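Chemist: OK, Swiss-Prot features for this one:
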type	residues	note
BINDING	ASN30, LYS32, GLU37	Ca(2+) 1 binding site
BINDING	ASP67, ASN69, ASP71, GLN73, GLU78	Ca(2+) 2 binding site
DOMAIN	13-48	domain 'EF-hand 1'
DOMAIN	54-89	domain 'EF-hand 2'
Amino acid sequence: MSKVSPTETERCIESLLAVFQRYAGREGDNLKLSKKEFRTFMNTELASFTKNQKDPAVVDRMMKRLDINSDGQLDFQEFLNLIGGIAVACHDALLVQPPHP
């Protein structure tokens, strides 16, 4: 029986899981990102965003906004809120671009 290759969407989900797991647990709970782990994630995986910020506290404010249950860490659901927000912002930016001739 042949194995079915994962779809593009399934590969994207696997990638998100792998990235989260790569950063979570370096300081303890491997199911959550600590503030330091989140900062490392942002500076590594979203470096173009963080390097273009004039306010160095922007990452801390993002963490606070994303931390829905106020436990000082981000679980996978809270992490996905960040990813979803970025995806929506990118999609919206594409919608406002003028059409190509």
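Backbone N, Cα and C atoms are what each Cβ position is placed from, and that goes for glycine too.
Can you tell me where each of these features sits in this structure?
Modeler: Take the CB of LYS32 (Ca(2+) 1 binding site) and look out to 10 A: across all protein chains shown you find 21 other CB atoms.
All protein chains included, ASP71 (Ca(2+) 2 binding site) registers 11 other Cβ atoms within 10 Å of its own Cβ.
The average pLDDT computed over the domain 'EF-hand 1' (13-48) stands at 94.
Using a Cβ-Cβ cut-off under 8 Å and counting only residues 6 or more beyond its ends in the same chain, the domain 'EF-hand 2' (54-89) has close neighbours at 16-17, 20, 29, 31-35, 38-39, 42-43, 46.
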Chemist: Sort out the sequence-distant neighbours of GLU37 (Ca(2+) 1 binding site) for me: same chain, 6+ apart, CB within less than 8 Å of its CB, listed by position.
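Modeler: Same-chain residues close to GLU37 (Ca(2+) 1 binding site) (Cβ under 8 Å, separated by 6 or more) are TYR23, ALA24, GLY25, ARG26, GLU27.
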Chemist: Give the distance between the Cα atoms of GLN73 (Ca(2+) 2 binding site) and LYS32 (Ca(2+) 1 binding site), rounded to the nearest whole Å.
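Modeler: The Cα atom of GLN73 (Ca(2+) 2 binding site) is 6 Å away from the Cα atom of LYS32 (Ca(2+) 1 binding site).
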Chemist: What is the Cβ neighbour count of ASN30 (Ca(2+) 1 binding site) at a 10 Å cut-off, with all protein chains included?
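Modeler: Total other Cβ atoms inside 10 Å, all chains included: 12.
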